[in-house]
Every structure is written in structure tokens, then in C-alpha cells.
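K.L.:
According to Swiss-Prot, the protein carries these features:
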MOD_RES   ASN72  N4-methylasparagine
BINDING   CYS82  (2R,3E)-phycocyanobilin 1 binding site
BINDING   CYS153  (2R,3E)-phycocyanobilin 2 binding site
Amino acid sequence: MFDIFTRVVSQADARGEFISSDKLEALKKVVAEGTKRSDAVSRMTNNASSIVTNAARQLFADQPQLIAPGGNAYTNRRMAACLRDMEIILRYVTYATFTGDASVLNDRCLNGLRETYVALGVPGASVAAGVRAMGKAAVAIVMDPAGVTSGDCSSLQQEIELYFETAAKAVE
């Protein structure tokens, strides 16, 4: 996992070049948006339990067969595993948001996750629906204008939405 700064330096070093002015401008923008990024991660972290719980409630309301006898989330153990997995995905989305780099999400969370779910008989479409519900809830919390750094957060919103969509597609 590299943060955006390490990645830019590594790429320039590999090419034997100085960091280009366009890369420097992009890094300046990241620094300028650092407070917004930190606020977003803080909000997702502080509301992680409600994000996961509400997404799970929505998923099970939309797909009640999951919690019916014989369903993939039937029994407390399976339900707990489902909630744990949703929480792990959310945690890695916060890491990606904080660093501005999806590699931590892809490499340490999503890599091989679909294959694991297939092997366990977990319906990927249901997991994806839960992840998308978490994404909507997280973005709503992040974009709530009360008590955060003012300014345009649309690019950060799109980035967070992309991380959740990447996670959803990885398990479908």
C-alpha cells in the first residue's frame, strides 16, 4: 500500500525524472483537501456501527430469504459473520479514502473475496447489495453539511462512491 505521495515519488524515481508540475499540482490539491478527507474518514469511522447495521437491515428487508431458515444469514453465527464482513469492507473503504488510493482496498480486502464467497456459497449479488447500501449511507453521512469543513466535496463524494462500487463489483 502506497499513499499518493509515495506513489508519485516512486513513479518519478522509476523513470529517473523529477516530479512533473502537473503531479505537483495534483499533490497540492490533495494537501488542500486533506481536512475534508480527514473529516469524511472521521464521520464514516464514528458512524460505522450505524452504517453497517442500517445497511444490513435494508438488505434483509429487501431480501428476507437471507434470514429465513436455510438462508445464508440464518443463525446468529452467520448473521455475525455477515455483519463482520460488511464492517471489514467499510473499514478498508475508510483506509482508501484517507490515503486517496484504492490499492489498500483492492489488495488487502477485495483480492480473492469473491472466490471465497463462491466457495462458501454466499450469494455475491446479496453482498453487493449490502455494500451498495453501506455506500449510500456512508455518503449521506459524509455529505451532511453540519459541522464539517466547508467547500466543494463533490470529487471526494465521487471517490467514496467509487470505492463502494468497486467493492460491490468485486463480490458480484
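Cβ atoms are placed via backbone N, Cα and C, with glycine included.
I would like each feature placed in context: is it buried or exposed, what are its neighbours, and how far apart are things?
P.N.:
Cβ environment of ASN72 (N4-methylasparagine): LEU66, ARG78, CYS82, GLY121, VAL122, PRO123, SER126 lie under 8 Å away, each six or more residues apart in the same chain.
Around CYS82 ((2R,3E)-phycocyanobilin 1 binding site), a 10 Å sphere centred on its CB holds 22 further CB atoms from the protein chains shown.
In sequence order, LYS36, ALA40, VAL142, MET143 constitute the residues six or more apart from CYS153 ((2R,3E)-phycocyanobilin 2 binding site) in its chain with CB-CB distances below 8 Å.
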